[in-house]
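J.: According to Swiss-Prot, the protein has these features:
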REGION    1-40  region 'Disordered'
DOMAIN    38-232  domain 'PBC'
REGION    45-124  region 'PBC-A'
REGION    127-232  region 'PBC-B'
DNA_BIND  233-295  DNA-binding region
SITE      286  site 'Required for binding to the NFIL3 promoter'
REGION    317-338  region 'Disordered'
REGION    395-430  region 'Disordered'
């Protein structure tokens with residue numbers, strides 16, 4: 001409707017005066033009694049009515065539009081407008097090829113389908129939650145609670161996405177329908193081809209597609225933030241408690257020459273730490289890899305655990321010596337038998353300190369002095385009973401001559417006091 005006044009102003013004189021069909025209509029309408037002034041007056045009234053349509057109310061506009069469509073000069077006016085359009089080629093374009101789908105929009109659609117946000121709801125959020133659970137690992141009630149929270153949050157994101165997408169589609173359809181109806185209505189007065197209507201619809205959809213892309217992009221960002229938060233939280237919760245870490249580190253550094261626990265040792269460690277055997281195996285595998293990659297960094301930690309083991313063994317030895325020699329507590333040459341309540345733990349400590357288990361670790365000077373003190377205390381106690389090997393907690397392993405790992409023999413060299421003081425030996429170096 002905006003083009004009508006401009007077109008009529010620019011081409012009224014030429015088109016309407018020079019058009020033969022329109023002249024014939026004017027002559028027929030005016031009759032023989034009316035002159036040139038009457039025809040100009042009639043044309044001026046039509047143009048004035050067209051100019052004032054935009055300023056009228058809806059009811060008045062509908063009445064004027066109906067009067068215009070029923071006017072006897074309406075066909076002549078339409079023919080003039082068609083000729084003007086053909087001459088000036090206004091809004092005439094060839095059939096445009098269908099534009100390819102935006103690759104960014106395709107990536108967003110694929111991501112939303114993979115995360116279970118788009119597409120059918122059945123199994124979508126559950127599948128995404130199961131994938132997140134498999135990636136994070138772990139088990140237990142805490143893990144199930146986290147998965148429930150993840151599914152709830154994902155379902156909320158999905159609901160918001162579909163609600164906004166429905167609003168978007170509804171607004172796009174309503175606006176497209178309104179424009180198409182408006183163009184069809186205007187096509188009764190001015191020439192508008194169906195191809196031009198289709199082109200206008202494609203322009204509207206292209207404008208709305210930017211809104212759709214923004215909605216999908218924000219939804220994908222929300223899903224990624226949700227996944228990162230839950231995966232990070234699960235990764236933090238997978239850390240063992242301090243007591244379990246201490247137990248595993250003590251065993252690792254006391255068997256540093258061969259940190260490969262047997263199945264029995266793994267089961268015992270799993271019971272002590274309150275974890276599964278597979279978690280114990282995974283922990284030792286990761287610990288060996290980290291230790292090999294950065295030996296210098298873990299050397300200080302190894303020295304700390306070695307000193308702690310030495311102090312514990314010294315206290316146990318002194319306590320056992322006093323318990324077995326109550327009449328002569330200060331006797332240094334006592335050859336009485338020395339029995340321990342926890343001989344397996346002490347043997348593990350003595351084996352590590354008196355043998356070759358730490359020869360590759362370069363124990364510090366302060367730790368070496370504690371080792372010498374421990375050996376002196378052992379020489380004062382006289383010896384150990386032969387039942388020590390039977391109560392051994394872990395199976396020590398050694399390195400064979402060809403460089404492979406093998407089980408060490410039972411430490412039969414732990415003998416009675418008949419061999420003399422300080423006769424404790426370790427067989428882990430075979």
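Using the three backbone atoms N, Cα and C, a Cβ is placed for every residue, glycine included.
As the structure is a computational prediction, the values presented were derived from the model and not from experiment.
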J.: Counting by DSSP, what is the helix, strand and coil composition of the DNA-binding region (233-295)?
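T.: Once the DSSP states are binned, the DNA-binding region (233-295) shows 47 helix, 0 strand, 16 coil.
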J.: Near residue 286 (site 'Required for binding to the NFIL3 promoter'), how many other Cβ atoms are within 10 Å of its Cβ?
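T.: The answer is 10 other Cβ atoms.
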J.: Can you work out the mean pLDDT of the predicted model over the domain 'PBC' (38-232)?
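T.: PLDDT averaged over the stretch: 77.
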